[in-house]
Amino acid sequence: MTEERQISKAVISRLPRYYRYLGELMEEGIERISSNELSARMKVTASQIRQDLNNFGGFGQQGYGYNVKYLYTEIARILGIDRQHNLIIIGAGNLGQAIANYTNFEKRGFMIKGMFDINPRLIGLVVRGVEIRSIDNLEQFIVDNEVQIAALTIPKSKAPEIADRLVRAGIKAIWNFAHTDLNVPDDVVVENVHLSESLMRLSYRVCSMQDERERKEREKTV
Ligand code: NAI
């Protein structure tokens, strides 16, 4: 993975979207695509696509375009989704169970090995083949199952304490849904997911468009 260290965070953040589009192209049986065609589909400029994909030594060939399968495989390799990641979910409430019920994570190599909760009424239940276990057994389970990633879907007040336990048990990545920032050592990565932040961005955009429409209406009537 040495060469990937040079790739900017901005490019890495765009790769999952390329991956999704390339997957759709493969499902449609499309074997190669030009940056212009991909640009039309993805609604990003062709030059952005060329710039992004050139980071990996330029998979594109003049007059040929990109080999869809090769690019798809390369991006999977760069994102590390060509290998298996064992994952656990801490907090088996609404969100934790929704994540466990989603089958596509496994297709991307994320294997949900177990769920953990403190609620005795939930412990022992099975969600799509994944057992809900007592949080008391967390550390041993992490070691026994070589767990790398933990999804945190517990109240924010409990998140720091659980994050510390996860780190001490050897977890290297936290997928944090709790609305709080976590303090973890440098060798542990945290990806915060906040649906409400995404909604607020949507709110800003829809309000800006509405304001713009109203401004134009006012200009017309003056
Ligand atoms: P929920 O109340 O349905 O589930 C929370 C679960 O965590 C409960 O089953 C509870 O028993 C368990 N729990 C509490 N303390 C625990 C501990 N110390 N160890 C293990 N399990 C523990 O709540 P919901 O709706 O599933 O939300 C979970 C969390 O995710 C909340 O913090 C919520 O604010 C957050 N959330 C975040 C979203 C995001 O976009 N980031 C979206 C929706 C919820």
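Just so it is clear, glycine is given a Cβ too, placed from its N, Cα and C backbone atoms.
Curation does not apply to TrEMBL; its annotations are automatic.
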- When TrEMBL marks a stretch as DNA-binding region, which of 17-56, 57-96 is it? 17-56
- Message: Radius 10 Å, atoms counted are CB only; among the binding-site residues G91, G93, G96, which position scores highest?
- Response: G91
- Message: Cβ within 8 angstroms of the Cβ centroid of G91, A92, G93, N94, L95, G96: which residues besides those meet this for the NAD(+) site?
- Response: I89, Q97, A98, I99, D117, T153, I154
- Query: L95 (NAD(+) binding site) has how many other Cβ neighbours within 10 Å of its own Cβ?
  - Reply: 18
